[in-house]
Amino acid sequence: MALTPESPSSFPGLAAIGSSVPEPPGSPNATLNSSWASPTEPSSLEDLVATGAIGTLLSAMGVVGVVGNAYTLVVTCRSLRAVASMYIYVVNLALADLLYLLSIPFIVATYITKEWHFGDVGCRVLFSLDFLTMHASIFTLTVMSSERYAAVLRPLDTVQRPKGYRKLLALGTWLLALLLTLPVMLAMRLVRRGPKSLCLPAWGPRAHRAYLTLLFATSIAGPGLLIGLLYARLARAYRRSQRASFKRARRPGARALRLVLGIVLLFWACFLPFWLWQLLAQYREAPLAPRTARIVNYLTTCLTYGNSCANPFLYTLLTRNYRDHLRGRVRSPGSGGVRGPVPSLQPRARFQRGSGRSLSSCSPQPTESLVLAAAAPAGPALESPGDPA
């Protein structure tokens with residue numbers, strides 16, 4: 001969805017309900033309405049085909065995505081809740097995707113009828129739900145990336161944290177996302193324009209542009225820079241480990257890192273075009289041709305919903321990584337699931353050799369950690385007493 005009332009790159013529901021009432025060039029929805037043929041005029045065959053295609057595609061994405069995310073929620077809560085301390089983040093991601101996908105029926109209905117049928121409350125809820133779930137997803141991914149970074153490079157810090165801190169972080173991501181969404185939730189209103197209804201914010205074009213720019217910074221630019229920095233440092237640590245002269249064990253945490261990074265990259269691939277389109281519409285003076293604007297709006301809309309549709313496949317791989325690792329710990333004889341020597345900083349390795357057990361056994365929370373059993377000659381820790389995913 002998009003929220004650009006002064007441009008044709010608008011939220012699909014908004015683009016579908018433009019009014020035929022003439023408006024002055026500076027009005028918020030003047031260029032918006034120009035992106036569609038007047039609702040009083042018969043639709044062309046091309047419009048009918050495009051509407052049918054986009055409606056069918058979004059409906060298919062909705063069915064696949066809802067089933068996939070519901071399956072992820074069930075599997076994660078049943079299989080990992082008692083043993084995997086990071087399960088709450090997977091639940092967060094799947095829940096955000098599920099809520100976002102549940103808006104598809106409203107969007108398809110608006111595309112087909114070119115009329116808003118869901119009242120003032122629908123305007124506020126559906127527009128704000130879009131930004132709420134988007135921010136909840138990227139904030140959760142940022143927290144997960146930070147956790148992986150800390151588990152690999154600062155393992156002792158992870159075992160000293162209280163048991164419920166991850167639940168507090170998960171709740172915090174939703175509260176912060178809600179805080180950023182409140183302005184649009186309060187400002188959206190249903191406005192009558194002739195025979196049609198239109199969802200518009202109460203603020204002016206400048207405030208709207210500033211708000212969208214802020215949301216771009218909080219959902220793409222800021223988290224992107226932070227996650228990029230974390231993974232750059234992790235990549236450097238792994239490169240250093242490749243030069244270390246000791247036998248390395250198989251590290252399930254490396255696979256988990258790649259899966260989390262894959263989810264992050266998929267988010268960027270699907271939402272960056274959407275945001276570039278939104279900002280282009282805000283800062284570009286000359287509007288695109290209505291047909292071009294409509295096509296771009298279709299494509300960016302499908303990309304954002306496609307992200308929530310594809311994510312469950314990566315979530316399944318992530319939870320499977322948890323289960324495989326836990327199964328390996330149970331089957332491993334002897335010292336609590338030790339699978340081989342894993343590099344660490346030398347002082348930490350000496351501590352473990354003296355104690356004869358994993359540092360994670362001192363943690364008050366259940367974890368899925370490996371034992372750091374051998375000292376590296378140099379370089380940062382590459383496995384941690386943290387979780388494998």
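Note: Cβ is positioned from N, Cα and C throughout, glycine not excepted.
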Per Swiss-Prot, cysteine bonded by disulfide to C123 (from C199, C270):
C199
Look up C199 (disulfide bond) in the DSSP assignment and report helix, strand or coil.
strand
Hey, what's the Cβ neighbour count for C123 (disulfide bond) at 10 Å?
26
Taking the transmembrane segment (55-77) as reference, which of 88-113, 125-146, 259-284, 298-318 has the most Cβ pairs under 8 angstroms?
88-113
Which sequence-distant residues neighbour the transmembrane segment (88-113)? Criterion: at least 6 residues beyond either end, Cβ under 8 Å.
1, 12-13, 16-17, 51, 54-55, 58-59, 61-62, 65-66, 69-70, 72-73, 76-77, 80, 122, 126, 129-130, 132-134, 136-137, 140-141, 143-144, 147, 166-167, 170, 173-174, 263, 301, 304-305, 307-309, 311-312, 315, 318-319
Looking only at residues six or more beyond either end of the transmembrane segment (298-318), which have a C-beta under 8 A from one in the stretch?
1-2, 9, 12, 50, 54, 57-58, 61-62, 64-65, 68-69, 71-72, 75-76, 90, 93-94, 96-98, 100-101, 104, 107, 134, 256, 259-260, 262-263, 266-267, 269-271, 273-274, 277, 389
